[in-house]
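This report concerns only the one structure given below.
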């Protein structure tokens, strides 16, 4: 399989729930159009942002189907499905489903209850699942802060190279630039390394990153495209200012409770996707008012997705 | 619901797989008889030892059904089902299934991808699942080394008391005796605190623990019953010697790769339950020979389950 | 060197500072008498409680000298000096000083900036320091929560056995009872294992612990002697109640800011030893009033040192 | 005090020991000349690389004096002294000494046995020490991997701003670019943020870093100056290649045991500075031969300091 190197901003979409917490896939088509209008080049669905670990098998498939329905005819929009879970048979079922409905790629993380003891075990895990969808790019999803699986990706790349032909690269949501760059350099950039920490994008761009997967691209894509443009034009002063704007925006996640704050940002750009499911905490109405005034002071309107 | 306090040794059974890694529930009936013969008073199924996180929903139900089939008529053998997983709707489905087929209790751990930010969120999680099976004892399963959810159980007990009527207690697989004892003391021992670290049972017995859930009871129940007897007879010298034998046995888990070593011990007592699924590593044939000779030097025959 | 096994409660004294934070050794003689009156059998000076890491070399020597002055003629009171620090030459200087002024023993912890990579390196550290005071018992001080050096003591005991003749045992301030018991069992209890977690003393007594080193013995010695008596009389119901009282007392440390709360307890039993030095936080006057009312509700008067 | 922003590469020198592990300051003058020849603009002495935590007060002063002797007349070479230790009175003594002998600056890290509970406590620590040398720049040294003090520097900068007039900035040896950039952006770049992770320099340069403190600059300064030049010339392809060479070089530290490998590199560039003191492990003669052949395959000669 020839490895494609994805470009631009790939969104990690939120999964839409109604006010009762029930999945509402009817919103996905409009969500897709919104992302397209803002230049987004793909979607990493059922991921952390998409709460794949908190939805059932049937829900994950329904989400995947809805994204397939609206985007499968669009060659410029790549959907990759995260195979959330610790049971590899479930992961395989989801992978095969993703393949059957025509998604672009799948992505797996290390099991996060029992953790692989070393890179060889992690490679076995990847091979067991990846080989079931041999004609589909397979990305490892590296997010140790949530999985507790903190093994060097450079070692995983070496372990999978030549062993899993559809291994395409890594969605890298971790701050170990030595490891990230080593993967980038491996065999002249053979693998597709997608950057997954929006707040540090500039530090990855300088290392040659071309594609990124993130949650804040859902609601602030223009900011990041401006940042990429400034970087490409070697206007680093501007690029730093934009990255700092991104940081200030992301700092509100910490202030208001974490990942669920993303859905609050979505409300501000016009999408009510409901709340995060348990165990994630959502802000209450009063906190949302405080949040809105904090957002206002960011001049968020300037760079929000529209 | 009147809270029962379980007594004696509750086994955390291994899940039987055939040589292809396929579930083989036909072994469960014999497994049950073996445990009974060794005085075991219950089974905590689909737990860590039972690889509930590595089996599918259908498999977990099949395991539960098989245990129900052989033990439901036995009032002296309590089966509680672990609701492995991070998706609470799945946990609820499993809980309802356990109730419908007549198991004794269910047990839940904190979600382990997104982790509850505090005790209140963890209590919400427990209530959401527990209230769906209101006529069945609900146990929290505290095992932070695997879940990364490390909140004081004393605080959880206080948060659930009066809020979840079927909350029965905690399977406590952690080494924080200050927290454990505080739970034991709460409202004159209202809740059922089941000790879950076999290697430290004596230190829990002295605090008043009456029931324990463990994996090594599968193959060394006589050792632990002798230990309990010695403790009850105030023969502490003997009790310490027996606890040290338990430690020496458990130390081989560390030496030969962790939780999967339990299935190797089961082979020695006559049960071939297959191997652990990925991502857990199993010992190879050569290591198994070394393991057997190490086991021989423990004088394991003296105290193994028979 | 014949290894003595210390018995009873060894206090880890606070270091007395005046209201300007200056060392005031004049209080130590009265402190010693107070401990004696309460049955304390020794002192572990310049330890964590004694802020040895926050005092200068000269201050540590002055503290040691003051304890030597008042207790050297008392064969029933053993003073051991913690050799606080990361520079082994400093530790050796302190050890030699302790020997020269006639203290009973010295104790060292693993360096806590650069940490020993494995047990062999930790053993080298112990040997380098311990062999400089060959006629004095040498105890390792195991307190990973503060040092970050978390290696199994069972392995250290094996590594030092036969290599450091004055190695006497371990002050064990960690909650790994499997490791603790393994050390206790080593060569029929050859080494002196001193328990260092007051809140779990009962769980250590049942394993055979005879000596303990702690900070709460400074102000609540009667509680622990009653606990030991109850345990020895096999009155476990009483022993548990007493241990729970200890836990309730210790819980206030967590509520009011940690280790410095001990000096607040000392004020209540009549000793103003000043405050903890930076970086430790002390409670302010308002918090102290709240603390006092919390202490009152513990019925602390019943079991405090007098 | 007007805050200077240091430029270029500041070396963190090794402390020279003879074959008996005794301090040998006679080598420092030649060491200084060597650094100068390679364009180094300053020295961060008695730091992690310099083993300040493993030397005595007298040794730290002797090291400081030796650097003062050879470099005080050189306005283009700034020496800053790390005040290694957990006892703040010792730190103050070292700071005053550094001021008296004419060094440029001092640097402190958070105490690493007792750790500051929050940023306010850490700020108190900095103020207590920093205000004793009011006419000398004071840098905080952020190295949580060794200290365990992992508080956001952005919060510390805000806490110290306006409270400690000689606070100059942070030596930032941690990989949190969001935090680092936030500090860089604070009040239009008021504070001097020195980058301390050589393997990621490129990712810091793009954020505007101008000065760096590192240990590998001791033996590979040309590599980093070439990297900086390539970056400034916007030749990012070259810059990445050079950063990858740095990574490959640094990877050998992991392979051969950590920080002590730096002294082995120094031997290769012609300086025998002895070994690291305990508890750090040094490679043996056999490992050194393997190390040398690994170094040879890096083409180290091309870019080593000469």
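Using the three backbone atoms N, Cα and C, a Cβ is placed for every residue, glycine included.
Automatic, uncurated: that is what TrEMBL annotation is.
What you see is a predicted model, and the numbers here were worked out from it, not measured in a lab.
So that you can see what the record holds, here are the features copied from TrEMBL:
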| type | residues | note |
| --- | --- | --- |
| ACT_SITE | A:141 | active site, proton donor/acceptor |
| ACT_SITE | A:171 | active site, schiff-base intermediate with substrate |
| BINDING | A:49, A:213 | pyruvate binding site |
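Across the fold, the C-alpha of residue A:49 (pyruvate binding site) and the C-alpha of the residue listed as 'active site, schiff-base intermediate with substrate' stand 14 Å from each other.
Contacting chain C by the Cβ rule (under 8 Å between Cβ atoms), the recorded positions A:49, A:141, A:213 reduce to an empty set. DSSP gives residue A:49 (pyruvate binding site) a coil state; it is part of no helix or strand. Within the same chain, residues at least 6 positions away in sequence whose Cβ sits under 8 Å from that of residue A:213 (pyruvate binding site) are A:10, A:11, A:12, A:44, A:47, A:171, A:173, A:194, A:195, A:196. Reduced to three states, the DSSP call for residue A:213 (pyruvate binding site) is strand.
In sequence order, A:47, A:82, A:107, A:108, A:109, A:170, A:171, A:173 are the residues near residue A:141 (active site, proton donor/acceptor), counting only same-chain partners six or more apart with C-beta under 8 A.
Cβ-based neighbour count (10 Å, all protein chains) for residue A:171 (active site, schiff-base intermediate with substrate) stands at 28.
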